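Peer 1: Feature list, courtesy of TrEMBL:
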- B:20-43: transmembrane segment (TRANSMEM)
- B:55-73: transmembrane segment (TRANSMEM)
- B:79-95: transmembrane segment (TRANSMEM)
- B:102-123: transmembrane segment (TRANSMEM)
- B:175-193: transmembrane segment (TRANSMEM)
- B:224-248: transmembrane segment (TRANSMEM)
- B:304-323: transmembrane segment (TRANSMEM)
Amino acid sequence: MNKKIVSAVLCGAMILGSAVPAMAGTADGKKIALVGKSAGNAFFEIAAASFVETAEAEGATVDTVYPEAATADAQIKVLDNLISQDYDAICISANDVNALQAKLQEAMDEGIKISCFDSATNPDSRQIFINQAGTVAVGQALLDAVLDIAGGEGQFAILSATSQAANQNAWIDAMKNIMESDDTYANLELVEVAYGDDEPQKSTDQTAALLEKYPDLKVICAPTTVGIAAAAKYLQDNGSACKLTGLGLPSEMLEYTGADDEHSCPYFYLWDMQGLGKLSALTTIALVNEDITGALDETFTAGDLGDYTITEADDGGTEVVLGAPLQFNPDNIEEMAKLY
Amino acid sequence: MAGKSGRSINNVPKSPVKQMIFSWEGILVLLFIAVNIFCANFSEFYNLKSLLRQMPVYLAEIFLMLPMAYILVLGEIDISVGSIVCLSATMACIVSNTGAPFIVVILAALLVGTACGAVNAFVLTQFEELPPMIVTLATQIIFRGIAEIVLGNGGSISVTNTEGFSALGGKVGRIPYILFLVLILGIIAAVILGKCTFGRRVYAIGTNRLAAYYSGIHVQKIRFIIYTLMGTISGLCALFLISSSFGANTTTGNGFEMDAIAMAVFGGISSTGGKGNIVGGLISAFIIVCLRVGLGQRNIHPQVILLIIGVLLIGAVGLPNIVKEIQKKAKMAK
């Protein structure tokens with residue numbers, strides 16, 4: 001009985017809603033589910049908040065759902081739940097590349113649009129991936145930072161995570177390729193790639209060892225948040241002339257970032273998580289509205305972010321790339337450190 | 001009846017009908033109905049169709065509850081089953097990716113599971129004085145460790161030929177195969193535990209191991225069989241897990257042992273041994289499944305769902321004692 005009343009009220013609301021087209025959202029009445037890797041990841045939540053804000057401004061309702069554990073099995077249960085409800089789209093940050101395929105295909109068969117962001121599934125499990133930053137763009141940004149901080153020439157080293165870390169290795173390879181193919185970087189010398197295994201102590205030890213081995217080292221580039229924080233502290237505490245850049249969290253890097261000799265890191269990079277959330281929301285809405293299907297070379301306009309073209313991803317699927325990573329420097333770090 | 005379930009609230013003999021209603025199983029049936037009414041009102045999407053569609057991932061865990069019930073009735077515990085599931089799933093994926101026929105994949109999963117179970121059984125029967133909790137804690141680490149080493153960097157494997165596993169995850173109409181299998185195995189397990197000599201012996205061991213031994217029961221043989229079967233069923237669970245995720249990773253089966261124990265204990269199977277039956281375990285398992293599906297459909301925070309199940313569990317364990325206390329006081333007052 002209760003249900004009937006509720007559904008009658010809802011139907012009435014929908015009729016009223018559709019009768020008033022003045023609300024200019026492009027996604028009025030659409031239901032989108034946003035699925036995280038696990039609850040309590042501050043980094044993800046910045047993107048999620050931005051996603052929700054953007055989609056709701058367009059008139060969609062967004063439910064952010066987290067699995068009970070950071071596993072693919074738990075995400076399968078979440079997807080099962082979501083397929084039972086009448087969502088128009090699911091945007092997911094996947095815990096496993098392949099494990100969700102059966103469920104996501106089931107969802108697509110039910111007419112639910114599937115987009116991925118932050119962490120992609122395999123191409124068969126999605127319609128599009130919203131990539132925070134292309135591998136080459138990250139490599140380029142880091143290498144330019146090294147060139148700039150080193151003053152155009154000299155030795156530099158890389159302090160990475162583990163030797164098998166897929167992301168880090170891809171960025172390092174991109175840096176090496178750019179160095180080989182572009183004369184601009186001819187005077188830079190990459191002396192060593194060290195591995196701090198994403199452990200603070202080991203990263204500190206590796207930083208110390210690099211300084212010991214290469215007294216003329218001008219820059220260390222650490223494309224990992226743990227590595228860069230450890231190295232920043234070591235270099236700053238020891239008043240080293242060697243400078244630092246890489247990928248880091250503003251909140252962890254706040255006290256080490258500055259243009260003067262007192263600070264060890266002039267500037268560093270990370271994804272624009274807010275931008276990622278926004279682009280993900282707008283891309284997902286474009287899928288729902290069938291402005292795009294997720295096929296190669298389609299174009300669409302993502303609000304004030306501008307026009308985007310769908311390109312081929314490294315895994316053979318399709319993606320939109322947000323752009324170059326965001327630079328954190330003394331001008332913006334205090335504000336950004338409050339966010340992440 | 002009253003003695004068998006061990007959860008009967010009133011020990012005064014009553015008519016069979018009354019006995020059934022007031023038994024723990026009777027309460028569970030009422031709770032099952034209540035949960036379903038609640039869920040149907042709570043979620044507009046909760047119906048038989050969505051329940052059947054979402055059930056399979058949970059049903060795989062109910063397999064584990066069946067042999068776990070035997071182990072609990074023995075008065076023991078096996079916390080290595082989640083790891084056995086992980087190792088069996090990993091091996092099944094590897095065998096599947098060599099292009100072996102699907103029947104070989106099934107056998108591989110069951111064999112690996114059985115072997116792991118046999119390792120537990122061997123250690124526990126050879127060194128009787130070792131506590132099962134500690135031995136299976138050790139094998140939990142060992143089995144998952146082996147799986148992690150085999151999986152290597154990346155920690156996950158996916159099956160390239162999904163045909164066999166898709167078939168396994170198939171349906172008759174809307175009813176998934178796995179539901180039939182759970183019910184069939186459930187009935188077999190219930191009959192053996194409740195009606196056969198083997199089952200009576202399990203209760204005997206759980207009630208008083210020494211007395212059972214002196215009355216001529218092969219205590220170690222029965223323990224060996226049960227722990228080994230626990231492994232075999234873990235292999236079966238692994239197969240059905242792969243049929244939903246088409247792969248395995250280092251977190252596969254994480255925490256399954258606790259889910260299985262929770263289902264059994266909620267169903268009135270005492271962890272101190274000698275009490276409870278499979279029917280209670282099965283009903284409670286379906287209560288948990290329905291609750292998780294229903295609450296999940298309203299996107300309730302997963303930890304809140306686990307919290308609710310935790311409260312139910314404590315209530316289930318505590319209720320019979322509370323009722324007994326009240327009855328005692330009422331008698332004293334007379």
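Using N, Cα and C of the backbone, Cβ positions are placed for all residues, glycine too.
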Peer 1: Are there at least 3 C-beta pairs under 8 angstroms linking the transmembrane segment (B:224-248) and the transmembrane segment (B:79-95), leaving out pairs fewer than 6 apart in sequence?
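Peer 2: Yes, the transmembrane segment (B:79-95) and the transmembrane segment (B:224-248) are in contact.
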Peer 1: Out of B:20-43, B:102-123, B:224-248, which stretch has the largest tally of CB pairs under 8 angstroms to the transmembrane segment (B:55-73)?
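Peer 2: Top-ranked stretch among B:20-43, B:102-123, B:224-248: B:224-248.
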Peer 1: So what's near the transmembrane segment (B:175-193) in sequence-distant terms, Cβ-Cβ under 8 Å and 6+ beyond its ends?
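Peer 2: Result: 52, 55-56, 59-60, 62-63, 66-67, 69-70, 73, 168-169, 199, 202-203, 233, 240, 277-279, 282.
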Peer 1: By Cβ distance under 8 Å, which residues at least 6 away from the ends of the transmembrane segment (B:224-248) in the same chain are close to it?
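Peer 2: That would be 56-57, 59-61, 63-64, 66-68, 70-71, 74, 78, 81, 84-86, 88-90, 92-93, 105-106, 109-118, 120-122, 124-125, 147, 151, 156-159, 162, 165-166, 168-169, 178, 185, 202, 256.
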